[in-house]
Number of protein chains: 10
Amino acid sequence: MSIKASKILETFPNPTTDRDYVIHMRMPEFTCLCPKTGQPDFATLFLEYIPDQLCVELKSLKGYIWSYRDTGAFHEAVTNQILTDLVTACQPRFMRLRAEFNVRGGIYTDVVVEHRAPHWTPPTPVHLP
Amino acid sequence: MSIKASKILETFPNPTTDRDYVIHMRMPEFTCLCPKTGQPDFATLFLEYIPDQLCVELKSLKGYIWSYRDTGAFHEAVTNQILTDLVTACQPRFMRLRAEFNVRGGIYTDVVVEHRAPHWTPPTPVHLP
Amino acid sequence: MSIKASKILETFPNPTTDRDYVIHMRMPEFTCLCPKTGQPDFATLFLEYIPDQLCVELKSLKGYIWSYRDTGAFHEAVTNQILTDLVTACQPRFMRLRAEFNVRGGIYTDVVVEHRAPHWTPPTPVHLP
Amino acid sequence: MSIKASKILETFPNPTTDRDYVIHMRMPEFTCLCPKTGQPDFATLFLEYIPDQLCVELKSLKGYIWSYRDTGAFHEAVTNQILTDLVTACQPRFMRLRAEFNVRGGIYTDVVVEHRAPHWTPPTPVHLP
Amino acid sequence: MSIKASKILETFPNPTTDRDYVIHMRMPEFTCLCPKTGQPDFATLFLEYIPDQLCVELKSLKGYIWSYRDTGAFHEAVTNQILTDLVTACQPRFMRLRAEFNVRGGIYTDVVVEHRAPHWTPPTPVHLP
Amino acid sequence: MSIKASKILETFPNPTTDRDYVIHMRMPEFTCLCPKTGQPDFATLFLEYIPDQLCVELKSLKGYIWSYRDTGAFHEAVTNQILTDLVTACQPRFMRLRAEFNVRGGIYTDVVVEHRAPHWTPPTPVHLP
Amino acid sequence: MSIKASKILETFPNPTTDRDYVIHMRMPEFTCLCPKTGQPDFATLFLEYIPDQLCVELKSLKGYIWSYRDTGAFHEAVTNQILTDLVTACQPRFMRLRAEFNVRGGIYTDVVVEHRAPHWTPPTPVHLP
Amino acid sequence: MSIKASKILETFPNPTTDRDYVIHMRMPEFTCLCPKTGQPDFATLFLEYIPDQLCVELKSLKGYIWSYRDTGAFHEAVTNQILTDLVTACQPRFMRLRAEFNVRGGIYTDVVVEHRAPHWTPPTPVHLP
Amino acid sequence: MSIKASKILETFPNPTTDRDYVIHMRMPEFTCLCPKTGQPDFATLFLEYIPDQLCVELKSLKGYIWSYRDTGAFHEAVTNQILTDLVTACQPRFMRLRAEFNVRGGIYTDVVVEHRAPHWTPPTPVHLP
Amino acid sequence: MSIKASKILETFPNPTTDRDYVIHMRMPEFTCLCPKTGQPDFATLFLEYIPDQLCVELKSLKGYIWSYRDTGAFHEAVTNQILTDLVTACQPRFMRLRAEFNVRGGIYTDVVVEHRAPHWTPPTPVHLP
Ligand SMILES: [Ca+2]
Ligand SMILES: [Ca+2]
Ligand SMILES: [Ca+2]
Ligand SMILES: [Ca+2]
Ligand SMILES: [Ca+2]
Ligand SMILES: [Ca+2]
Ligand SMILES: [Ca+2]
Ligand SMILES: [Ca+2]
Ligand SMILES: [Ca+2]
Ligand SMILES: [Ca+2]
Ligand SMILES: [Ca+2]
Ligand SMILES: [Ca+2]
Ligand SMILES: [Ca+2]
Ligand SMILES: [Ca+2]
Ligand SMILES: [Ca+2]
Ligand SMILES: [Ca+2]
């Protein structure tokens, strides 16, 4: 894949819009800069969503993640920003983003953010034994 | 077992139709081709279902999985297609398919799809301590 | 313990019938024969139940498990059969049996079966943080 | 700590009675005797409770556990007995005891027993993503 | 970071107040003294909360944890105290603190305490398959 | 594979006799009978060998393992017997067999047996950092 | 098995004296008393040996382990004593005993003791890649 | 990367020929066909080598692995063949290939093959505590 | 145990001086201060030694570890210092100390130091398969 | 710590030069750029060394690692370069660097490089059982 750092998130049509199905993505290579000290910060991102009409395209997602490499960003703010951008791009029925940041000062921090579409109702989960 | 790649999914009668019981199957040897580049993709499939009148026959399931070996297939589409074929073959009360694809471009992707029969209600789960 | 293979499941009186409490048992040494090929099959059994007036006696349970050693048995049928026999023997308020079979043809299969007594209601679970 | 084997369970006042909070304790050193054969049995005990006016004192709890060292005790009965004694001593809002016994005859057995105070309602759990 | 032991917990404005999102923090370096014997006790703290108008500042949190290093503190009381101080500082919508103490006398103890704001309702969780 | 229980171990010509290379095989489904009590015993076998002119054929190895299913056998003796039979069949340069038996009487037992050909010298191992 | 606590270690003839092979045994249920405080101590014993003319009999080994249940014993001394008794009973070519004691005072202690027969030379180990 | 299945292994000059250093590569996506039944086989390849004048180029290695997708190949023969091809391509000082095949008939098989250059002596390993 | 922080390491006579046996101790509760910033540092200590005439007494070892709680100490220096003090106290045939420090600035550091008595020769290790 | 990206590696005097002791460091936050595509690469670095007169200073090591963030670098070349720079800075008796790179094209690559001082001989390792 020839990929570039880019804020543009591309999408493709959801091949099965008549089902509420789930796409999980794990991205262990997120890095940005601490806005106070300029030092690199590292995190693993966990994305899971139920697509509506559009799916997130893998290659552009990698470029989007890459675009934070030289950006100063607080943990709480950057996690909210990425979710907002992903929601804007693909308008999912539901989306959750978890960012697990590497330890700083002996403290481990994760941030979890969710979006759900206004008129969408989650299907009752089936718990199998 | 002498097995051939085949799209035909065979079934056998469910031996205990008066209970909602669950069959889990894990298939770590799924491979297809990337429709963009022609390169091999690899996944582990997790199937779990509550049979109605029919159960999926193991040997034909292996041949069915094998039939994707030389097929170009997007992650989202192929997972939906396999579930649809399995539902058509055995008409289960409930079925869930999870496909865990190997990493591509530093991103790990899983797709999870479910089917539930129109008039079937899942039994209230019993949570034991 | 001197033990023999036997279909007879013995019981003893539940010492505390006024509580809904749970007994979990794991039996990693179940083996039977494949009814198609005659080859040995292997499984781990997970039993969990809420006793009513009777508890399953450990020594006879071991002999009962042993009695399948030379029996041809399909995965789905044998799991249902064992649950039915255990329910007949001790009439529990609730019982669940999970059989995890060893890999065959590259596919791992588990079967999970449950029984609940007609007029019994499971206590609302208490989820502690 | 100078400790003795003893059936006496001591308590101390709960420092924060206005909250439903939880205390978890794991005791991997429980041993008693099999009442049939006189051989030693071993278990790990998991206790979790929501205190009301009293908390269980650690040192006396250790002595109480120790007091079973030379006692013959069936798995189901001894787990119920320990819970009953603990409830009598500290009258908790909720208490759960899980005893995981070591393997006997190739079978692993756990017993789980609960108590909840008559007029106490568990708080609705908050499930964070 | 130049940090000092201090009881002062600093905060910063929550960058996204219009969402109920979650911040998890793990602090494996808590140590205080046993109030009975004066010996050191060790614990790992797990904090998770939904901020309202304020977030807890990382550097001051580290100093606050450090401030217990020479303090005598019972397990149950100190966990309640830390939660109370954190709630006072940032007035979260929800907060949970779990303290896992190192083994003493062969017994492992955890304490879990929660706070929820009076008029706040937790969002119905979305359970994805 | 259509397989039968059989004491006959088949072989095939080693495709690369000019190298000392290693074949490892793990067989988690060995079962025989205790010669004292007649109860089933279970073990996992670990075989590793450097072939000379012959390799052990997989299908016949499975049948050979199966042939012990109804045989009374002490742990120490049966492990030595299997190694002897395998050495007789394929005359390897080196062979090691490890049998890990399931727990009996609270004690876990493994037996490890080796054979090396009279005039064969093991190559000096290369330990890479 | 009907077993009694006993200091007598029984043996049986080694079925294959012409090979240096290894027997490993793990015994997770050792308990004795602290000679200073009288409190119970717990350990897991790991025994491995190369038999000469005699093997240690499993049932008597269990009884021997059990015989320490009411004995005061220091960690270092008891591990040496058990090895000495086992060596006296079966005169092995080589024997190693490792005792892993449960944590006391925040410190985990293991003791490892070995015996090798005067004129026995260990075979040069074959390290397979 | 645009990659094609190909038997051609490309190389590039070793950037540091004056040191014996090690390159480890893990390739979990090897698949070929069983020459007896035509069914897919799966393996993970572990390659480790000390380069001399040439290093193996990653992209061509992926294509080379891919070239076995439609080839019938016995476990022992294919592992030797791949090593031979890699040695021919880059003439390393030392090379080891381990192929871990997926379970077939309840038996797990690995094959390990090594090459060392005629006049090369491995450096004495430094074992750090 | 009533224990105090103290630099005095007590010993007791080795009960079996005629064997080279090994004592391993793990101490997960070491804490000192960073000499540059005054902030707390945390480490786990792993001690292993072959005693000569004296063994280290557990209770005084705990007090000795505790004595560093308010001491400024560099990682490399403090590990060497502790080994030196232990060697002075019990004059072992061999002693090794490993200190695993908690992460600082994204870097994990361990220090390992050894002492061997001048005229002592380690026994040739017996490597069992 | 206020830190800057910098090629300068600072050192401090080894506090105990009369012993061959070992310092291990793990740095999970190394990132550079692929010199072919410009995309980010990620690796974990494992450094272990025996200091002579100088030790590597932690803060400058972090800045040195950081200095590769915007550098194009091949796996094999950059690992050799970092070792060379570290050796130049502190002239250790022995040093080993292992770089574990994240997966690219389905292949995981590690590179391991060593340096030993010309007249230094590694102490015979003591292998404790
Ligand atoms: Ca992390
Ligand atoms: Ca499931
Ligand atoms: Ca995967
Ligand atoms: Ca359960
Ligand atoms: Ca299994
Ligand atoms: Ca257990
Ligand atoms: Ca959580
Ligand atoms: Ca802990
Ligand atoms: Ca086992
Ligand atoms: Ca232990
Ligand atoms: Ca091996
Ligand atoms: Ca495998
Ligand atoms: Ca190391
Ligand atoms: Ca650590
Ligand atoms: Ca990695
Ligand atoms: Ca060790």
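Note: Cβ is positioned from N, Cα and C throughout, glycine not excepted.
In TrEMBL, annotation is done automatically, which means it is predicted and not curated.
Quick look at what TrEMBL lists:
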type	residues	note
ACT_SITE	C:C34	active site, thioimide intermediate
ACT_SITE	C:D41	active site, proton donor
BINDING	C:V56, C:E57, C:L58, C:H75, C:E76	substrate binding site
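Non-local neighbourhood of C:L58 (substrate binding site): empty, since no residue in the same chain at least six residues away has a C-beta under 8 Å from its C-beta. On a Cα basis, the residue listed as 'active site, thioimide intermediate' lies 12 Å away from C:E76 (substrate binding site). In the three-state DSSP assignment, the secondary structure recorded for C:C34 (active site, thioimide intermediate) is coil. A gap of 6 Å separates the Cα atoms of C:D41 (active site, proton donor) and C:C34 (active site, thioimide intermediate). In this structure, the C-alpha atom of C:E57 (substrate binding site) lies 28 angstrom from that of C:C34 (active site, thioimide intermediate).
C:C34 (active site, thioimide intermediate) has a Cβ environment of 14 other Cβ atoms inside 10 Å.
With the fewest other C-beta atoms within 10 Å around its C-beta, C:E57 stands out among the recorded positions C:D41, C:E57, C:E76. Its Cβ taken as reference, C:V56 (substrate binding site) is surrounded by 21 other Cβ atoms within 10 Å in the chains shown. Here substrate is bound by C:V56, C:E57, C:L58, C:H75, C:E76 per the record. The longest Cα to Cα distance in that group is 25 Å. Just so you know, the Cβ of C:H75 (substrate binding site) picks up 21 other Cβ atoms within 10 Å once every protein chain is counted.
The distance from the Cα of C:V56 (substrate binding site) to the Cα of the residue listed as 'active site, thioimide intermediate' comes to 27 Å. Across the fold, the C-alpha of C:H75 (substrate binding site) and the C-alpha of C:C34 (active site, thioimide intermediate) stand 9 Å from each other. Among the recorded positions C:C34, C:D41, C:E57, C:L58, C:E76, the ones whose Cβ sits under 8 Å from a Cβ of chain B are, in sequence order, C:E76. With a threshold of 8 Å between Cβ atoms, the recorded positions C:C34, C:D41, C:L58, C:E76 that neighbour chain D are C:L58.
Secondary structure from DSSP puts C:V56 (substrate binding site) in a beta strand.
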